[in-house]
Structure formats: structure tokens, C-alpha cells
Amino acid sequence: MSVEVFYDDDADLGLIQGRTVAVIGYGSQGHAHALSLRDSGVAVVIGLPAGSKSRPKAEEQGLRVLTPAEAAAEADIIMILAPDTAQRALYTDSIAPHLTAGKALLFGHGFNIRYGLITPPVDVDVAMIAPKGPGHLVRRQYVDGKGVPCLVAVEQDASGSALGLALAYAKAIGGTRAGVIKTTFTEETETDLFGEQAVLCGGAAALVQTGFEVLTEAGYAPEVAYFECLHELKLIVDLMYEGGIARMRYSISDTAEYGDLSRGPRVIDSQVKERMRAVLGEIQSGEFAREWVAEDEAGRPNFAKWRAEGAAHPIEETGGRLRAMMSWVDRPITETA
């Protein structure tokens, strides 16, 4: 591989086992990190606001829960796993006052460091450990003696051993069993945002909705359009997930593959590629981050409007009716109430 990859033999759990880790947040990643750290012999405290609904769950799982400020004061290593938009205030109010020399500040995503929303003091280590999978998978793989690949990055190495500490943390949550890839805060943040906006979320959702619209506007039944443009997408993505695009093409019919090869580049053409480059440029320049922070601080008016418009799209009502016919699909509470 062209990147540096670390495994179990490259990481020393001893670098973290003698120190206290505060996990700030107890959502998808927070619970997986905390429980796996504990099971790896690391002293863990959880930082949650007094009124957090996650406090009872963490306590039931045998973890000691403090306020974020109390956890930051007690810990040697502080892992922030709160949402991006909550991190700056959380850091300023609860963590910064207790971030004394020699401590380490860790992140699961580089957004706030990359865009200067958080500026740690120069006498602390700053690193990132980012599992490339949801928290439930991170935890399940750890319990099964396996692991989820992680990204690791060091932004600030005050101690001279920040990378070693980050690798020890990754090992404690199972990452080095699978492999830990070295990156930077900038690379992780920019590629993560681009993937979300241009491909995984924004690109895929827009492609599916537009395909549905083209078929229904041409007079085809919404139910059939839903199957062809959304439902069957999972079959294709699963094949890609298992073996890449080549595996998908090997597995589909020759008719489907010919249509893929001959028509796909007409849909996603050079103009689309240029617009994708423009999206990347907004990420690299900080334009997107500034826009999103301002939107959040203004109460998210555009976000709320766009979310409501998406929920009202005809594909949602059609999909709800069709999913009711599929006993194998776990339907959300909003569709089963």
C-alpha cells in the first residue's frame, strides 16, 4: 500500500493503560470506544451533561459518568466524540480550563481542528483516531476478537510520543487488529466531507431522487420507479462493498453491464466532474465550514427547510407503502406507529 499501516505489533497498550481516558459523548462511537477501552484495561470516565439521556445507559453498563468538565479535569487523555457543531462550545466551556500541560486531546473526526474552531494549547498532544465504521460494528468486532480499520493522525506532538499514544488508543478499541492507516487531520476532514457531499449522501440521494422523477414524469408507476431507482441500489452497493466495482460488474447481467459502461459516463460526465471539483474546492477553502457554522448559529433555517422538502418528496410516501410489504426490512418507528 502507498500509505503507512500499523498493526497490533506496532502499538503498545502500556502507553495508555496507566492513564485515565475521558470519553466525551456516549453516542454510536462513544459507547463503542468506552466499553472497548475498559475491556482493554484502560481507566475510563464518561463526560456527559447532567441532563443527558445517555447517562443512565452508560451507568447501567458499569461506567462512571461525570460532567464533561469533571471528566476533563480528572483525565490524562480526552477523546471528544460529540457532534461537530457542539464541539467548540464544549471545548471552550468544559475542556480548555482543564487541558493542562502533558495531557492529550483526541478527536474522532478532524473538522474542528482543520477549520480552526478549536485551537489547543501548544503543550498538549493533539491526535485523531477515526474508525471507518459505525460504533455498533466497532464494538461487535472488538468483542469478536477482530477490529475495524481506523485512520490515525497527529496534529500536535508536544510529548514526542503522540503517534504512539494514538496507536495505543486504536489498539485498545480493536483497530490495529484490522489495520490503522496514517493520515492527517486535513486529509481526513476534506475527503470525509467530499465523500458525504458528492457521493455517499448528497450525490447518491440526488441521483436516486432525480431518477425517480424522470421515470414518474414519463408516466411510469411510482412503485416501479422506486424499485428500480432506490430499492435495488442496495443490491448493487452490497456487491461493490464486497468486491469493488469489478465484482459488481461481474455479478450483473451483460445487458446491465453494457448499459452501465455505455450510459453511465453520459450521466456522470465531465461537467459533473467539474462540479464535484467545485464542491471539493469549497471544502478545501473553508467556504463550506464557514457556511455550515453560520447556518448552525442562525438556528439552521435552510437546513430545516431542505430537510422538510426532502421528507415531502413523493419517493418517501411511495417507499413507505412498499416497505410495509417487506417483512425483512427493519422499518423506522415513524413508519410503524
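Cβ atoms are placed via backbone N, Cα and C, with glycine included.
Annotation comment: Swiss-Prot describes H109 as active site. Per Swiss-Prot, the feature NADP(+) binding site maps to Y26, G27, S28, Q29, S52, S54, D84, T85, A86, Q87, G135. Per Swiss-Prot, Mg(2+) 1 binding site is recorded for D192, E196. The Mg(2+) 2 binding site annotation in Swiss-Prot covers D192, E228, E232. Here Swiss-Prot flags S253 as substrate binding site. If you look up Swiss-Prot, you'll see 3-183 marked as domain 'KARI N-terminal Rossmann', on the strength of sequence analysis. Residues annotated as domain 'KARI C-terminal knotted' in Swiss-Prot: 184-329.
Distribution of Swiss-Prot features across the structure.
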residue: Y26; record: NADP(+) binding site; contacts (Cβ under 8 Å, 6+ apart): A34, I46, L48, S52, S54, R55, K57, A58
residue: D84; record: NADP(+) binding site; contacts (Cβ under 8 Å, 6+ apart): H109, F111, N112
residue: A86; record: NADP(+) binding site; contacts (Cβ under 8 Å, 6+ apart): none
residue: G135; record: NADP(+) binding site; contacts (Cβ under 8 Å, 6+ apart): G27, S28, Q29, G30, H31, A32, H33
residue: D192; record: Mg(2+) 1 binding site; contacts (Cβ under 8 Å, 6+ apart): H109, G110
residue: E196; record: Mg(2+) 1 binding site; contacts (Cβ under 8 Å, 6+ apart): G202
residue: E228; record: Mg(2+) 2 binding site; contacts (Cβ under 8 Å, 6+ apart): G211, L215
residue: E232; record: Mg(2+) 2 binding site; contacts (Cβ under 8 Å, 6+ apart): none
residue: S253; record: substrate binding site; contacts (Cβ under 8 Å, 6+ apart): none
Legend entry - Per DSSP, three-state class assigned to E196 (Mg(2+) 1 binding site): helix
Inset, instruction - Give, as a single whole number between 0 and 100, the mean pLDDT over the domain 'KARI C-terminal knotted' (184-329). - result: 97
Legend entry - DSSP helix/strand/coil residue counts for the domain 'KARI C-terminal knotted' (184-329): 123 helix, 0 strand, 23 coil
Legend entry - Number of Cβ atoms other than its own within 10 Å, given for S52 (NADP(+) binding site): 17
